[in-house]
């Protein structure tokens, strides 16, 4: 019965049913049209980048927009992934980004928890000054920072990069985690305290398991801050042994001026880890960024 | 007697827990504070200090106190004023466009049409891409002969060129990259703000005979004003501070048409080795950014 009536309806009605009650077909079409315009602007460049890495250089350097399916190949990827220096940059990027994420999450969680749960003199000024550090001009910081790192012999070391990237990610991460901790009812802490749990126990056993989405967003944010950074690496890294992908990619680009196929492929490989992580956390990210922007201090 | 000693010990216990909480609070804050202090706050103060000295990266130990000479030199440095003007213009234009376009995208993304969730998450992709990858995409897009943009322009027999190499089009392209990167973030934040507006407000407006334009003007806009201000101030700071988009795409050229303060400081410090002068330009940035920050903190505080 139901299927028969559906079949009898014309296309517009079926579209209307599919939309649900609040949206009229006209409104839906207008929405899709606007979305199509925006996503043409936002995603076509990325799609074209990926497509360009799969074609032969003849097609790449022609005015062909749509290549034939048969000519697509992964030859560029095989070549770039086989380059020793590129593998080195990739491993360095991974070490620095994972190190940054770990250090940021540990120090950010402790600070965020203190700001959320403890009353101590200077709590609010501390939160505000944490946030304010994000607004300081990085190029100004870089001059004395470079001199400090020279003194500490941390120039051209991965540890120096981890430290530099951690402070870039830390203010926002702390604030974000504080927001997640604030949402966990205090009655849970009180109950745990009655049962004789220490503050560290409460943080590890009660708060942390309930804040996993917060950790996902904060961890992702720290990872991409580190993975994407060019400025710090360009100053602190002096030899190939400490170069990360963005800096390596820039060198690669100037060295391969004429070979766009390889440069574009290296660019895609650089962005893949970020896109994969993004796909994993996007559900919480959109929520977290949206609500984080509104919570206030 | 018994009761008073009871209260006394309760106060004592509360005092003890207050002290303990204070100590624990500071202990928990310690790692983050040490990191930020050593790597951000100390270098910033030291940077301000350096701006009063003449100092070269070639002789790191030597510094000569020159008081305000660096700032005086800046006042008569046309390259500084060019970068200053470009920074302000870039920030103003890019953030205005980001807000307007972000508002448009937010209005579309908040509609409850099938598949909109996919659009919501996919939109953030441009925001998570490494800047260097974005720059490579844009540089490739404007290659004459085989870049996407020039191929499309060619269809319509419009002039094609390497647009980053042209002083009149390089700056708009830099603006475009800022907009491309940050519009989705604006859209998601504004969309969330719109979703939290109570439906009753719209119903009340409808009772008063408001059309959709009036509802947008008198209900939506006032309700998202707080989030709008936060987003605008944050991005003013981000855009003004941004270094790598310009440095990687044009290096400040052609003919200084895209030079901004951040790239100027970087070049003065690490390519001309004039640390003192670079720091003094950095201090000008600091003063402007602090003014914005004060606005931001005030806004955060009112919530």
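Including glycine, each Cβ sits where the backbone N, Cα and C put it.
Annotated by TrEMBL as transmembrane segment, the relevant range among B:218-238, B:239-259 is B:218-238. Residues of the same chain lying 6 or more positions beyond the ends of the transmembrane segment (B:88-109) and with a Cβ under 8 Å from any Cβ of it are 116, 119-120, 123, 171, 174-175, 178-179, 182-191, 194, 228, 231-232, 235-236, 239-240, 260. The transmembrane segment (B:115-138) shares the most Cβ pairs under 8 Å with B:179-197, out of the stretches B:23-45, B:145-164, B:179-197, B:218-238. Counting residues 6+ beyond its ends, the transmembrane segment (B:179-197) has Cβ neighbours under 8 Å at 94, 97-99, 101-103, 105-107, 109-110, 120, 123-127, 129, 131, 134, 219-220, 223-224, 226-228, 230-231, 235, 238, 245 in the same chain.
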